[in-house]
Structures are given as structure tokens and as C-alpha cells.
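Written below as C-alpha cells is the structure these notes are about.
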2 protein chains.
Amino acid sequence: MTTQVLHTVHISLEERSYPIHIGHDLLAGESVFSGLPSAHTALIVSNTTVAPLYVAKLKAGLAPHYARVLTLELPDGEAHKHWETLNLIFDVLLANTADRKTTLFALGGGVVGDMTGFAAASYMRGVPFVQVPTTLLAQVDSSVGGKTGINHPLGKNMVGAFYQPQMVLCDLATLGTLPPREVSAGLAEVIKYGPIADMEFFDWIEANIEKLVSLDSVTLAHAVKRSCEIKAWVVGQDERESGLRAILNFGHTFGHAIEAGLGYGEWLHGEAVGCGMVMAATLSERLGLVDAAFVARLTRLIAAAGLPVKAPLLHAADNAGAYLDLMRHDKKSEAGEIRFVVIDGPGRAALRSAPDALVREVIDACNL
Amino acid sequence: MTTQVLHTVHISLEERSYPIHIGHDLLAGESVFSGLPSAHTALIVSNTTVAPLYVAKLKAGLAPHYARVLTLELPDGEAHKHWETLNLIFDVLLANTADRKTTLFALGGGVVGDMTGFAAASYMRGVPFVQVPTTLLAQVDSSVGGKTGINHPLGKNMVGAFYQPQMVLCDLATLGTLPPREVSAGLAEVIKYGPIADMEFFDWIEANIEKLVSLDSVTLAHAVKRSCEIKAWVVGQDERESGLRAILNFGHTFGHAIEAGLGYGEWLHGEAVGCGMVMAATLSERLGLVDAAFVARLTRLIAAAGLPVKAPLLHAADNAGAYLDLMRHDKKSEAGEIRFVVIDGPGRAALRSAPDALVREVIDACNL
């Protein structure tokens, strides 16, 4: 198969603007790299799972553009998204005397992208980087928008930077090697864009959910494109999450509590978000913002994507209390008040606080 | 003594602009804090040396503005400017459920300011912070301009961010407790502004060097003000050091080699910069840019400030080679080429590379 760019989405952030190329076999496509700032050295950061599949191909694509292409394999998984792993990137950069024009390529899923992005933001106070997301989740969400970071024992993504890549390459060919569970996890973030911003897209996802689950490539290309467009529109208006951008966290407040409560890695991020969207939609219903039919429809689609729709038990004696405690520690909380993204009518999201008693009812209603 | 703002210098960086207030007894001056963004929590980060002297005073000044004022004492010194110490700041923020409006106050010298600034840049991807520099070096240099970061075993300040404070408070009263060696180290960065940008200021420093060494407060206030103005002018044109800003590193390329070669902490940063300026001026002379009289005059002033003017031996067998190796690892190098800040005529700086042989001559000429 030859390199083919199917869609290009532009993220408009003044001098930090960048293109997202979506297509087939982009890794080895030398031409897409010609727009990047020139540099002597490139560093491909990947993980032990993805590297054997795609590093050689990307390295070949970069060879005409850089005198030296270094590679680094990080351990795979959310459990390694901490300082010690991040430091491996600085170690290899410094051991190779990499200068401040050195360009980093994040080849992998969200964890590789977040850590490589934060390393690029911080190495010598900022070097260029390119996102090459190889999971559906990363292609439709984490590689777009400039959020980078690592976890802290007391909270996820608590240390990081807003730092934009020079380019994002979404190579659909890399999705072929994804385990089905990760495909479903990625679809959670695709589905998310419907209720918060675009019910026509939601209709389309409903009509195409089987093709998406089975990785039909033309269908996937449209899902990635439309997801990136919506995210680009939101991020373009609120790069640093002072307002509107928070709507992208629909399902994430409950979802983060699930991830933290079960221990990171037990559920995939997308799985937690899938279930979290059911919970946030249920809260929206209890607040009188949407009807029960809407919640049921969203729940059906999430289930059809292969995602969990029932909330796990985090604590035997006071389960709702455990959820509330975890959510109060979320980054989006302010002075201990939890700010929920709710659906304020289909296709429109809003930020709301809610009485603890009501949130407890929602958690109980959504439990297994 | 009551709070008195003698000078205010404005740093113009669009929405990242901020004031530098210079005066007496500013820490306890509640009114200067009223311009800051409102927040529930403030965290004062200081060190074990400075905290006993000034934390109580600053805490009293902040009390009317924040419901909760937390404090943290870091171990003192450049040797602790690494990830483990930085993480103490994240630990206390997360243990106290500090939200994303929490404002950090860096109370101390350059190390405290660099680490607190990087923590503020990274905590939840960015919270507000205020620099309260208590050393002359930090007041005239490190607290202005938004450079933050930590050291890596393979290089100083290799991991960090450009991140601007909301405000800088230069309280001259805090300089009274500085050891003489640190006063001299601060004067190195004051002297620096003369040869690179303003020979009238250089004349003034020459005429007032004794008053400065003995901490005369009106003289100091002017020195801090003029230093901040020159730095503000440079940083305002080149926030992220893509060009002009590099001139602020006059003396720093040789200076960093001295610091790294002797082991960080052996010489103070300002001492290494003092000697580094003699070396960089000598290089400028060898390149035919300034005459010997200028080098001699600068050397005399640096000595009068109580600073070393002879370069230490870093390696018995190949001393110049050791300097060159270290300088090639400096952040300002590109693809292994060392970029020196030279004096291109008194009051004007430029970036230049130079043949290794010539640099070796300079190092030998400046050696003890």
C-alpha cells in the first residue's frame, strides 16, 4: 500500500497551529515530513509493544530528513506513566548531546504521546515534537489539543504542560494491530463528540457502529476526521481549558474516579469514560436536562461499541462516598467543588455542580 | 519600616505581562498582593535557610487574600535542584487537594525560584505563581524572564519551561541577611548588563561599586531597577530565546563549564559568570572586536565586586579540552557547535562561533 493522505484537519492556534493528516501508510511517507522544522537529530519514542511493529517503517520515513534518527522503547502501559519513565527520554537526549532543535516523534498510544509531549515541552524548555498515534483513542483524542503530562501517585495527569505538536499523523494502517478491547476504548471518545457537540455525527455513529468495531477503513477515516474537527473547534477557542474546553471531559469525572478507584490500568481509560458517560448522562437526566430516552439511547450505543455501562463497586461499605472523594481530587474541582460536564439537551454540554445526595443516587443507580 | 515601593518595572509580554515591584519591606505589604488572581489557597515555597527569616512575614501579608496559606521548606542549595525536590512541591499540593487556581510564592534565591516556577508551570498544566527573590542574583536576573527548571545529572537546567510569574517582588530588606559572597555573585549579573547593552550603566556601576558591595540601599534599588529594565527590554523582544535573548548569557557559556567541571555548588553561579565574562571578553579581544583596555577595565570591575577573574583548572592533562567538551554540551550549542556571546564593541553583544584553537588559547590565557 502506498502513502495516501485522505483528510487533513487544521488546528488553528496562531503560531502554534498544526495539521492533522489522516490516511494510509503515512509513517513511511517521506513527503509528509518535509514541512517540519529542519534539525540534525530526531528521536522516536515508542514502547515495547508498538516499536517492533512500526519503528523500522517510521525510521525509514525520517531518514531522508535527519542526519541521525535515535530510537527509545519505553515500558508499555499507564502504570509506567511517571517521572522515572519520562526521565529515560531526557537520559537518551542528553547522552546523545541532542540540541534544542532535536525533534521528538511519539509513536504509540496516549501514554507514549503524553510522556513524549511533556518531554518535548520540558527538554531545554521546549523542542519540536510530532504525534504519531497508533491507537484509535490517541488518534481521536489524546494526540490532538496539546495536553501532555505524567501521573502522580495522588492523581492522574497532575504534572504536565499544554504544548502543541508540529504535526499529527493518524495512520489508519496502525489500527489493524489493535486488540478489540482497545478499539472499543477508542470508540468511547468518538461517541463522546455526539452528545456534547454534534447529534448528526451521533446518528452517523449509531448507523455505523458495526463497521467501526470491525475497523472498516473508510468508516474509520471519517470517524477520526470528524472527531478531530470537533476537538479542533473546541481547542481552537480555549487552548488552556479556562472554559469551553472542559466539555471534552464529558464522562471523564466519573471515569477518572473509576480508574483511580480500581487502580490505573484495571479498566482502560476509554472503558472508564464509556461508563462515565452513562453516569454523567444519568446525572443530566436527574437534573432535568435530558429525558430517559436519551440516556437509554446513549447507553445502547456505548454497549454496542463493546464498552461497560455499569459502574464498578469501589468500596463495599460506602461506595458513593468513595466516588465522591475521588472526584473531589480531580483537577477540574475548585476548592473541593466537583464540576460535572452534563448534557444540557442533546448535542450541547454544560458545566454544573450537583448536590452530593443527588450524585449518590446516580452512582447507586448506575452500579452493577 | 513600612512598605514602600520605590520602582515598578513592567515586563510586556501581551497576556503574560507582569510588574516587578522594587522597594522596602514588601513581603508584609498586603496591598501589593491585591492585584493577583483570587484563589482559595496559596503555597509559599522556601528553603531551610530563608524560611526562618521571612516566611512568617510573607504569610502575614498573604493572610488577608487567601483562606489558606500553606508553606513548604525545601533543602537549600543547587545540589537539590532536581526532580526529587521538585516532587516535594507536587506532594504538598496534592496532599492538600490544591486546585488549579492555587497560587505559588517562590520565597528564596534562584534555586527556589526555578523549581517553584517549574512546579507552577507543570502542576495541573499551569497554576499562577509569584517570584519573591531574596538574593541579589535572583532579583536582577533569575526571577525575571520566565525561565524555570531543574538540573539533570548530565546538565544544568536541562529540564524546564518558559513560564511567566504574575508578579515579582524585590524586597531590598531581604538582601541585608545575604553573605558577602552571595552579594558579589549577584553583582556579576548586574555588571553583565553594561558590556552587552548599556555602557552608561557600566560607568555608573564602576563609580558605585563600593556602595553596592556594602549594600547601600538607594544604590542597590537603582542597580536592581536598571538591571530589570534591560532584562525586560531583551525578554520582551525574545521571550523564548530564539535570538536576541541569548545575549543575556554573556559569560555563561564559560561559566557553565566552570560550574559543571568543578561540580555544581563549588563556585556560586555568579562567581562562575564573573570569571566567564573575563574569558568571553578575552575571546572578543582575540576575535578583534574589542581592545585590551576594555578587557582590563571589565576585569578590574569584576575583581572589585569580589569575584574571581582567573579560570580554575578543570583537568590536569587537557584543561582546554575539558572546557570545550563541557561547552559542547551546553543548551546553546547546536549540532555540537558552541555559540559564544561576545562583545561586539562596548555596550553591544553578538553570537559567534570560534575555532577550537583560538578558544584553547583564551582558556590557557585566563587560567590560574
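The first residue you see is number 1, and the count goes up from there.
A Cβ is built for glycine as well, from the same backbone N, Cα and C atoms used for every other residue.
Averaged across the domain '3-dehydroquinate synthase N-terminal' (A:72-184), the predicted model reaches a pLDDT of 95. Residues or ranges marked as domain '3-dehydroquinate synthase N-terminal' in TrEMBL: A:72-184.
According to its DSSP assignment, A:Thr174 (NAD(+) binding site) is helical. Annotation source TrEMBL lists NAD(+) binding site at A:76-81, A:110-114, A:134-135, A:Lys147, A:Lys156, A:174-177.
Note on the domain '3-dehydroquinate synthase C-terminal' (A:186-333): DSSP counts are 106 helix, 1 strand, 41 coil. Feature annotation from TrEMBL assigns domain '3-dehydroquinate synthase C-terminal' to A:186-333.
As annotated by TrEMBL, Zn(2+) binding site applies to A:Glu189, A:His252, A:His269.
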Same chain only, sequence gap of 6 or more: which residues have a CB within under 8 Å of the CB of A:Glu189 (Zn(2+) binding site)?
A:Leu137, A:Val140, A:Asp141, A:Ser227, A:Gly270, A:Val273
Give me the Cα-Cα distance between A:Ala79 (NAD(+) binding site) and A:His269 (Zn(2+) binding site), rounded to a whole Å.
12
Have a look at the binding-site residues (A:Thr135, A:Thr174, A:Thr177) and report the one with the fewest Cβ neighbours inside 10 Å.
A:Thr177
Report the same-chain neighbours of A:His252 (Zn(2+) binding site): residues 6+ apart in sequence with Cβ closer than 8 Å to its Cβ, ordered by sequence.
A:Val273, A:Gly276, A:Val341
Quick check for the class: what is the C-alpha distance, in angstrom and rounded, between A:Thr177 (NAD(+) binding site) and A:His269 (Zn(2+) binding site)?
19
I need the nearest neighbour of A:His269 (Zn(2+) binding site) among the binding-site residues A:Asp76, A:Thr135, A:Thr174, using C-alpha distances.
A:Thr135
Residues in the domain '3-dehydroquinate synthase N-terminal' (A:72-184) per DSSP class, helix first, strand next, coil last, are 47 helix, 34 strand, 32 coil
